[in-house]
Structures are given as structure tokens and as C-alpha cells.
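First comes the structure, then the notes that go with it.
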């Protein structure tokens with residue numbers, strides 16, 4: 001069993017209980033550390049009576065069972081209105097504009113570490129909040145805090161949390177960030193928690209098990225158009241640019257073509273003006289590669305950000321291998337990033353997150369690409 005030295009005895013922590021194993025073990029570990037722990041379950045999506053996909057009821061039941069087992073209070077709160085206004089509307093607007101958004105990042109920014117923290121403060125009188133994210137917090141001698149990658153490199157979630165402010169990190173605890181995933185499941189099993197073997201949630205929470213294209217079509221009208229090669233040859237039809245992202249290989253519906261080789265086809269560009277999807281063969285096709293990018297809507301955890309001309313590493317998507325790069329500031333809210341070597345399938349609308357070693361510095365939204 002993992003033992004962690006008691007700290008901050010008696011301080012009150014409100015744990016975001018999702019009904020999953022990570023938040024379950026987070027609550028247990030914080031109790032072991034001497035905190036006064038209570039759970040708070042968020043309902044972020046209002047499904048209708050015919051919605052078979054949302055597991056919120058099951059998750060609530062599991063969260064309550066864990067809190068009962070641990071002997072702690074559990075509260076519930078409905079953030080569906082805030083979620084719709086601040087996460088879902090953004091999600092739709094980005095897809096409508098031809099970009100590929102990341103709603104999980106926006107959910108962390110607007111709901112889990114904003115609305116949740118405000119509720120925990122105003123209603124539950126919290127000293128801290130805690131989540132089951134795989135990141136670490138470092139407390140420095142000067143009173144500052146930093147956000148670090150989780151110990152489990154395969155589960156590290158710092159990419160999704162780069163928008164957190166210094167103040168939010170200072171008010172947040174991340175117990176499972178110090179552990180490997182298998183250790184978390186082992187602890188849950190030893191404690192007899194119902195969530196010990198529960199499958200990890202994947203995908204976008206409000207879509208659940210639904211087919212993504214079907215879900216999106218209920219909110220945004222599809223606009224079919226041509227699929228072209230870089231040379232302008234029409235080789236197929238798409239059902240809507242919003243259903244495709246740069247670097248996509250599957251689901252293009254392109255069969256064997258006369259005079260083409262057997263290399264797979266990849267999306268290399270979305271021509272919004274003409275409503276044309278441009279595809280090319282080979283994962284290293286020049287049209288798929290970028291030498292760099294511009295990034296705007298910047299957010300730095302320490303508020304200052306790195307110095308211009310800093311040598312850092314960046315992730316342009318979750319679980320991507322670190323990409324060495326150099327950054328320069330065009331203005332306080334825009335940087336130019338040059339990669340040490342070309343990178344495939346960098347996607348406007350997605351987040352670029354920067355690191356100095358294990359420290360997550362922050363990041364921003366990919367705006368445009370720099371081609372060779």
C-alpha cells in the first residue's frame with residue numbers, strides 16, 4: 001500500500017468525484033494525508049429521456065458508493081448551463097469555422113477548475129479542491145507553485161490542464177499524479193472500492209458511445225463537397241469538412257484509384273472557401289508536414305511565460321512525443337514556433353502545450369502553419 005506523509009492536517013478538500021477509479025483513490029489518499037475530505041459530483045450535460053448514451057446516472061451511483069465506503073459526505077451540483085454556454089457552444093463554433101477544437105481543455109478551464117472551485121469556495125468552504133488528473137504540483141520555496149507532468153508518462157494529463165492559472169494550481173491537489181495507473185487500481189482494489197476495475201472513460205463526454213458524425217449532424221448541417229488530390233483531381237466526395245481533421249487516414253471512403261500507388265491517403269488540407277477536402281498519399285507527404293506554427297490565445301501558468309528565443313519542447317496533440325522547438329514572441333498574445341525538424345499533422349484549433357523538462361509552462365491555440 002502506498003503511504004504518504006500527512007500534510008495540512010484538518011484542511012478541507014472538495015474532491016471532484018466522477019465515479020471513476022482516479023477520483024476514488026484521490027479521495028482515499030487525501031484522507032490518509034490528514035485532510036478533511038468531501039466529494040462533489042458534477043452533472044455537466046442534460047440528456048433527454050431517449051438518450052441511451054450518457055452514463056451520468058451510473059457514474060453518480062458509483063461515486064456515491066465510493067463516498068459511502070470511505071465514510072465521507074457527497075454533494076452534487078448541476079453545471080449543465082455553464083457547460084453548454086462555455087464548452088459546448090465553443091465546440092460547435094470551432095467546428096463550424098473548420099477547426100478541430102479540444103472540449104476537454106475548455107471543460108477543465110471553465111468547469112472543473114472554475115465553476116467547481118467557485119462552488120467549493122462559496123458553498124462548501126473549501127481550502128483546496130482535488131481532481132483525479134495525472135499531473136503533479138510542485139511547491140517552491142518562494143511560495144510559487146508549478147504544474148508538472150504526471151509520474152505515469154502514458155497517463156500524463158498536463159496537456160489538458162495548461163490553461164490553469166497559478167492561483168488555480170495553488171488551490172488544487174492531484175494525489176494520483178504521483179502514481180502509476182496500475183498502482184491506483186491496486187489501491188482501489190485493496191480498499192474494496194467498487195471502481196477498482198471500472199473502465200477508463202474515453203472520448204468526448206457529451207457524445208458518449210454515439211457515432212461522432214451522427215452527433216455533430218444533429219447540431220450542424222452537413223455541407224458535402226469534393227475530395228481532391230494536391231494536383232486538383234477530384235477523387236471522391238466528403239459529407240462535411242467538419243468531420244475531418246488534418247492527418248486523418250480512416251473514414252475517407254477513397255478506394256483504389258487508377259495510376260496511384262498503394263500508400264494510404266491522408267487529409268492534408270481543408271479548403272474552406274471551396275469546401276474541398278485535399279488528400280495526399282503517404283504519412284510523410286510534404287503537404288502534411290510543418291516546419292513551425294503560430295500560436296495565439298496564450299496562457300502561461302506562472303503568468304510571465306518563457307523568454308523569447310527559448311529552447312523548449314511542445315506537444316501539438318495529446319500523447320505526442322515531445323517536439324523540440326524554439327519560440328519567439330510576436331506580441332504578448334502570439335508566438336512563432338519553429339520545430340527542430342518537420343512535424344506531421346499539426347492542426348489549427350488544437351492546443352500547443354510547452355514544457356521545460358517536466359514543468360508544464362502553458363500554451364495556446366494553434367493558429368496557422370509554417371510550411372517548408
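Glycine too: its Cβ is placed from the backbone N, Cα and C atoms.
ATP is bound by 16, 17, 18, 19, 20, 21, 22, 23, 132 in Swiss-Prot, and the record lists one more residue there from 31, 42, 147, which is 42. Annotation: 16 carries the greatest number of neighbouring Cβ atoms among the binding-site residues 16, 20 [cut-off 10 Å, Cβ to Cβ]. Residue 22 (ATP binding site) sits 7 Å from residue 133 (site 'Interaction with tRNA'), taking the C-alpha atoms as the reference points.
Packing around residue 42 (ATP binding site) is summarised by its Cβ count: 26 other Cβ atoms lie within 10 angstroms of its Cβ, all protein chains included. Ranked by CA distance from residue 42 (ATP binding site), the recorded positions 107, 133, 350 have 107 at the top as the closest. Cα spacing between residue 107 (active site, nucleophile) and residue 350 (site 'Interaction with tRNA'): 14 Å, rounded to the nearest whole number. Take 16, 17, 18, 19, 20, 21, 22, 23, 42, 132, the residues named in the record as contacts for ATP: the widest Cα to Cα gap among them comes to 16 Å. Taken residue by residue with DSSP, residue 22 (ATP binding site) is part of a helix.
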